[in-house]
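First up is the structure itself, then whatever we jot down about it.
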């Protein structure tokens with residue numbers, strides 16, 4: 001392989017993808033038809049005042065621009081023929097899927113701990129069918145998109161994601177959403193261990209907690225598990241690929 005070749009999946013002949021995305025720690029190439037854009041947990045719970053994160057004491061005041069940039073990434077992906085996968089984190093209204101005291105999730109989930117501390121919140125936080133569980137109004141799945149519920153941080157845990165990706169020949173996962181340091185990183189890590197190439201569009205993500213957690217998560221990803229880029233670079237790379245495919 002050439003020293004200056006981009007990272008990314010190569011087919012048996014050694015050909016890398018047609019789209020090259022500037023990224024850290026190096027550019028990465030992918031084919032649009034072997035890529036999905038994953039939107040992680042853009043629910044009222046995580047991105048809206050009065051949602052779970054806000055009620056649990058996390059700052060959600062900066063999520064507006066993130067939502068706008070995710071909308072741009074979704075539009076660019078759809079225009080390039082990249083399928084969009086939406087995740088919604090949560091459980092049934094009785095929280096059976098959340099696990100009881102025998103599950104570490106029962107002890108570590110801030111949503112469950114908030115409801116135990118504030119019983120009036122019970123069956124309101126991250127319960128399927130509630131406002132908290134719903135995607136934010138500005139981001140709407142369209143026909144052809146994939147919408148998956150997930151009961152834990154990783155989108156690979158107890159979901160059909162892996163089989164759905166493999167059935168479609170997907171090799172590259174482009175991530176947006178909340179929270180960078182929790183569900184985004186957890187899903188990207190699990191994808192890495194399943195031989196998927198993971199890319200995070202940093203300015204289309206937001207952390208749960210102080211800004212240092214965003215910086216740390218992105219540094220961890222680019223050093224050990226994947227690649228980090230941004231929405232403008234993603235749009236430009238896809239536009240360049242589209243221009244190359246249009247006959248003169």
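Each residue, glycine too, has its Cβ placed from N, Cα and C.
Now, the feature entries from Swiss-Prot:
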- 41: active site, proton acceptor (ACT_SITE)
- 150: active site (ACT_SITE)
- 183: active site, nucleophile (ACT_SITE)
Spatial neighbours of residue 150 (active site) that are distant in sequence (at least 6 apart) but have CB under 8 A: 87, 88, 89, 157, 158, 159, 183
Which of 41, 183, the listed active-site residues, has fewest other Cβ atoms within 10 Å: 183
